[in-house]
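Asker: So TrEMBL says this about it:
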{"type": "TRANSMEM", "residues": "78-97", "note": "transmembrane segment"}
{"type": "TRANSMEM", "residues": "109-129", "note": "transmembrane segment"}
{"type": "TRANSMEM", "residues": "141-159", "note": "transmembrane segment"}
{"type": "TRANSMEM", "residues": "165-191", "note": "transmembrane segment"}
{"type": "TRANSMEM", "residues": "198-217", "note": "transmembrane segment"}
{"type": "TRANSMEM", "residues": "223-241", "note": "transmembrane segment"}
{"type": "TRANSMEM", "residues": "253-272", "note": "transmembrane segment"}
{"type": "TRANSMEM", "residues": "331-359", "note": "transmembrane segment"}
{"type": "TRANSMEM", "residues": "371-393", "note": "transmembrane segment"}
{"type": "TRANSMEM", "residues": "405-427", "note": "transmembrane segment"}
């Protein structure tokens, strides 16, 4: 590039704080200078004079740099951060109360603090991480998820006859939950790879998705498989509605419903052939056995007060002595019994607002890959929240689904914070997408950078409309 152009661009970039966009902006502005130079040459100027006039026409470097810096400033979705913090604090209060449980049912609050710190650190690291780096390693990420499940099935810790945990140092990780996040990250990359390739690409995506769901069912981890399948379905249907695959939408929807029948059949088969799982679906008819948790959940909901901890007991037994999984699946019942119905209702409302804000934020994402990655994270978090709430009110079959940020979930808490980190990372870079990438994503309704009367015009409103 010409030294005069380089000097001009250097002066512009001095005022742009985010160095990651310097390369793209230099290329874009350099192209405009060369275009204007060619116009000047066509008007009869020699090359040197034409270049000087072109650079002069660009305007003041400080003014350009300040405008571009404002345009490419990283964003933070503060509402999601604040909502995550409030929901986590409510969970922390209940966890502290639960650490006072007796008869060996108390949680280790110091361990809860450790996992909370790990979760916040993971979210922060992902917030600053360039999520676009995931796109080019989608297949290795997918294979890593498969290997994690297979290794866990071979050498994992066996709890209640099932190997779902893998020990790493002093910690154990929930392999199904961790693998499901890897699968969703990979799935977003596969979507981008198959863009514009019609129904055949949907069949490939369904096969890749169904295989990962099948592995989770095989572990078995039916609840995680169900949540993952829901996330796949939502993301895939959204992609079709956005005409991601081009061509005939009708044939694409037919491919989804035909191919989606496979994991559904596998899930149903895994349930009806497993007496324990089948019994969990019909527990309301067996309140003295497998239906005992649901019965106790209803009981504690009925005797809880509106404000503060209930003083009532069940046949002389306190909450920790009578309600199984009070810090896990039945955490909302625990919240209501410990802090009152008012706090429980506020928590549910906060969760509703959190879900709405996630999808509202995702809908404004400009980058295709970032959109589907964020949509995947939103869906899996939303599915966990909704299923958990329904379980606590006995509106959904009892399943091993914890409430994100509230339940005592260990690595599950870290994984859910990682999902929030992914959403925040995508949003942070929403204004940092390169000019060329934005052109490929969506044709501009109006030029962002243009010339008028020989002067450079930077239209920030045009950028926001994309």
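Backbone N, Cα and C define each Cβ position, glycine as well.
Walk me through where these features lie, including what they touch and how far apart they are.
Answerer: Packing against the transmembrane segment (78-97) from elsewhere in the chain are residues 107, 109, 112, 116, 309, 327, 331, 334-335, 338-339, 343, 347, 350-351, 353-354, 357-358, 361, 403-408, 417, 420, 423-424: each is 6 or more residues past its ends and has a CB under 8 Å from a CB in it.
With a threshold of 8 Å between CB atoms, the same-chain residues lying at least 6 positions outside the transmembrane segment (109-129) that come near it are 88, 92, 95-96, 99, 408-411, 413-414, 416-418, 420-422, 424-425, 428.
Counting only same-chain residues 6+ beyond the ends of the transmembrane segment (141-159), those with a CB under 8 A from a CB of the stretch are 134, 165-167, 172, 175-176, 178-180, 182-183, 185-187, 189-190, 208, 211-212, 215-216, 218-219.
Sequence-distant contacts of the transmembrane segment (165-191), counting only residues of its own chain at least 6 positions beyond either end whose CB sits under 8 Å from a CB of the stretch, comprise 134-139, 141-142, 144-146, 148-149, 151-152, 155-157, 159, 204-205, 208-209, 212, 215-216, 219, 221, 224-225, 227-228, 231-232, 235-236, 239, 244, 369, 372-373, 375-377, 380, 409-412, 415, 418-419, 422.
For the transmembrane segment (223-241), the residues of the chain that approach it from at least six positions outside its boundaries are 176-177, 180, 183-184, 187-188, 191, 202, 205-206, 209, 212-213, 216-217, 249, 252-253, 256, 260, 263-264, 267, 372, 375-376, 379-380, 383-384, 387, 399-401, judged by C-beta separation under 8 angstroms.
Residues 75-77, 80-81, 84, 87-88, 90-91, 94-95, 98, 107, 111-112, 115-116, 118-120, 122-131, 171-174, 177-178, 181, 185, 327-329, 331-332, 335, 347, 358, 361-362, 365, 367, 370-371, 373-374, 377-378, 380-381, 384, 388 of the same chain, all 6+ positions outside the transmembrane segment (405-427), place their C-beta atoms under 8 angstroms from a C-beta of that stretch.
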